Amino acid sequence: MAASIAGVFSDDLKNAVEGSKILVVGAGGIGCEILKNLVLSGFKEIEIIDLDTIDVSNLNRQFLFQKQHVGKAKAVVARESALSFNPDVNIVAHHDSIIKPEYSVNYFKQFKMVLNALDNRAARNHVNRMCLAADIPLIESGTAGYDGQVELIKKGMTKCYECEPKAAQKTFPGCTIRNTPSEPIHCIVWGKHLFNQLFGEYDADNDVSPDTEDPEAAGSAGETALTSKANDQGDVERVTTRQWAQQSGYDSSKIFHKLFHDDIEYLLSMHNLWEKRRKPTPLKMDELPDAVAGSSKDNAAEGLKDQRPWSIVECAQIFSRSLQNLKTKFEELQSKNKDDHLVWDKDDKDAMDFVAACANIRAHIFGIPQKTRFDIKSMAGNIIPAIATTNAIIAGLVVLNAFNILRNQLENCHSVYCRLKPNHRGQLIVPERGLNPPNEKCYVCRDSPQITVCVDVNVLTVKELEERVLKSLLNMVQPDAVKDSTGDVVISSEEGEMEGTYHKTLAEMGILDGTVLSVDDFVQNYSLQVIVNHRKAEHNKPDIEIVGDQSKCHAKEEGEKSNGESALNKEEDEDDLMLLDETPTTPAADRKRKPESVEESPAAKKLRSCNVGDGDIIIL
Ligand SMILES: Nc1ncnc2c1ncn2[C@@H]1O[C@H](COP(=O)(O)OP(=O)(O)OP(=O)(O)O)[C@@H](O)[C@H]1O
Ligand SMILES: [Zn+2]
């Protein structure tokens, strides 16, 4: 079935459709729909890129894929299926990440426009910058359940993807997670942190043991944490949760006892915490209640396996079993590479069982309602079910906007929102009235981008400046930084060149209050001036603050709230809706995306909202 557009479009538009090369980024829910629309509309030159392979869970809505394609590259199969609708098209498929350096600005320049169909901020930020640098129009799109959005991004004409701060992400204070949980999500976040403490990427900020520095508990707790033991001299020797577990041979009973009994006893010793709260109840493995909270045993046995509530005895059994399975997987990985670790994945049975069991045991201890494995999976994975119809509507709007671009009517490419409930005009699909002009202060798309970074120059190392500030917060891929005044190289994208200096502090490198760094990321063809502002590190204050306007850095009064002045946002969430979004902040240049971290609010499909451990970074 070859598409025929003669007589449907004007000659001009028909010629433009046939003569324009289009890049589609992402071959998931929206990407498949866009590709189908493009080939049926008569486009002849299309490239599509996706780094992922097809999962069974994609088949309910990504209609270019079928059961026999599971495990194959999305971009490749999408191309094959789309060609069956219209073999008369040249489609080039890349099974790859768009963030890789080979997809350079010159690569982008060959396209008339780029259509994004992504699910994470890192990739969206990157494509945004590439399209700004190549000066080609980008159509951004995203969906989250019934909500969806399409937006044109064109340099100098509209807001860029990074012009406005993304929706504030719900975060939970570390002490709520560690000491005083009051909602099921707090226990789920704790369970995911525990997974990482035992088997995942170590993050000191996501500790799970009682937080002795909880201001609310001040003065009421002893000094010795339960993960510490006194040595012969009476000094306290601190061990990490992982070291402790390893030393105990990952003994399920010992770990259970420490987490769910000893740590809870310790929390109880912080008397101030419980003056106005229900006290937690320490549990012993051999004295667990066999009842299922809120239902009789018979009821509990009914229903789908995942949706059946577990008794605490069952939770403990599942805890032990999944712990042992994870231990085996972890040790296997480590025997090959001692730096390797497990990555929490909601679709990994043991990882999911472990978090569900831990979360429910902890919930029981704190008198918090328990959740089924099914509910926990969706909360921990931030899953809002994707709706095929929303994806189809959004993809249709994307291609209508593509026609506007081809007609040179960019001013008609208004942003469009798709909503579950009609607005006061009875509209489900709501267009904006005009284009949104760029934010003059945007550090990404304004003419001479500049940003101020407030840090303690005696503490922050060059490596941290590169990893945490430039790559993680500012979404650069391969930055080079030089001191403006002297031209001295501080960070080099050449491997090994700066090895000797990476662990030096900024001050040791002569980077002091007011030093200006010129930072270039050749991959993104992106340059930025970074003004360093020294601010003494203080306990309980973020160690990095970034502002788009230097004066804000000094003017900020204690307790002043972030006002979303700049376009920065810490997390890259994985969701399909660009304004809601979520993930690991470091752009996943050439690897498969990491499953998302635990703590987020379910505001969008896979919306990562909270990042408990990131309390030390504030973005204004
Ligand atoms: N850096 C990247 N380069 C290329 N493709 C990417 C990149 N990051 C994400 N993608 C792709 O964008 C697509 C987004 O599609 P979608 O939101 O439907 O996600 P999905 O993974 O297919 O579905 P789900 O998240 O619901 O399992 C995915 O196929 C994903 O692999
Ligand atoms: Zn901008």
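Even glycines carry a Cβ here, placed using N, Cα and C.
Those TrEMBL annotations? Automatic predictions, nothing curated.
Features reported for this protein in TrEMBL:
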DOMAIN    8-442  domain 'THIF-type NAD/FAD binding fold'
BINDING   26-31, Asp50, 58-61, Lys74, 97-98, 119-124  ATP binding site
BINDING   Cys160, Cys163, Cys442, Cys445  Zn(2+) binding site
ACT_SITE  Cys175  active site, glycyl thioester intermediate
COMPBIAS  205-216  compositional bias 'Acidic residues'
REGION    205-240  region 'Disordered'
DOMAIN    453-537  domain 'Ubiquitin/SUMO-activating enzyme ubiquitin-like'
REGION    548-607  region 'Disordered'
COMPBIAS  551-563  compositional bias 'Basic and acidic residues'
**Fill in**
Of Asn120, Ala123, Cys160, Cys442, the binding-site residues with C-beta less than 6 Å from an atom of ligand 2, in sequence order, are Cys160, Cys442
**Request:** Quick one: of the recorded positions Asp50, Asn60, Cys160, Cys163, Cys175, Cys445, flag those whose CB is under 6 Å from ligand 1, and say none if nothing qualifies.
**Result:** Asp50
**Asked** Where's the emptiest Cβ shell within 10 Å among the recorded positions Ala123, Cys160, Cys175?
**Response** Cys175
**Prompt:** From the Cα of the residue listed as 'active site, glycyl thioester intermediate' across to the Cα of Cys163 (Zn(2+) binding site), what is the distance in angstrom?
**Reply:** 33
**Prompt:** Mean pLDDT, the domain 'Ubiquitin/SUMO-activating enzyme ubiquitin-like' (453-537)?
**Reply:** 89
**Item:** DSSP-derived structure type at Asp50 (ATP binding site), helix or strand or else coil
**Value:** strand
**Request:** Fewest other Cβ atoms within 10 Å: which of the binding-site residues Gly26, Gly29 wins that one? Let me know.
**Result:** Gly29
**Item:** Pairwise Cα distance for Gly26 (ATP binding site)/Cys445 (Zn(2+) binding site) [Å, integer]
**Value:** 23
**Complete:** Students should find that the Cβ of Asn60 (ATP binding site) has, within 10 Å, a number of other Cβ atoms equal to 11
**Request:** Measuring Cα to Cα, tell me the gap between Ala123 (ATP binding site) and Cys160 (Zn(2+) binding site) in whole angstrom.
**Result:** 14
**Complete:** Nearest to Asp50 (ATP binding site) by C-alpha distance, among the recorded positions Cys160, Cys175, Cys442, Cys445, is Cys160
**Prompt:** Where's the emptiest Cβ shell within 10 Å among the binding-site residues Cys163, Cys442?
**Reply:** Cys442
**Complete:** recorded positions Gly29, Asn60, Ser97, Asn120, Cys175 vs Cys442 (Zn(2+) binding site), shortest C-alpha separation belongs to Asn120
**Request:** Determine, using Cα-Cα distances only, which of these binding-site residues is closest to Cys160 (Zn(2+) binding site): Asn60, Ser97, Asn120.
**Result:** Asn120
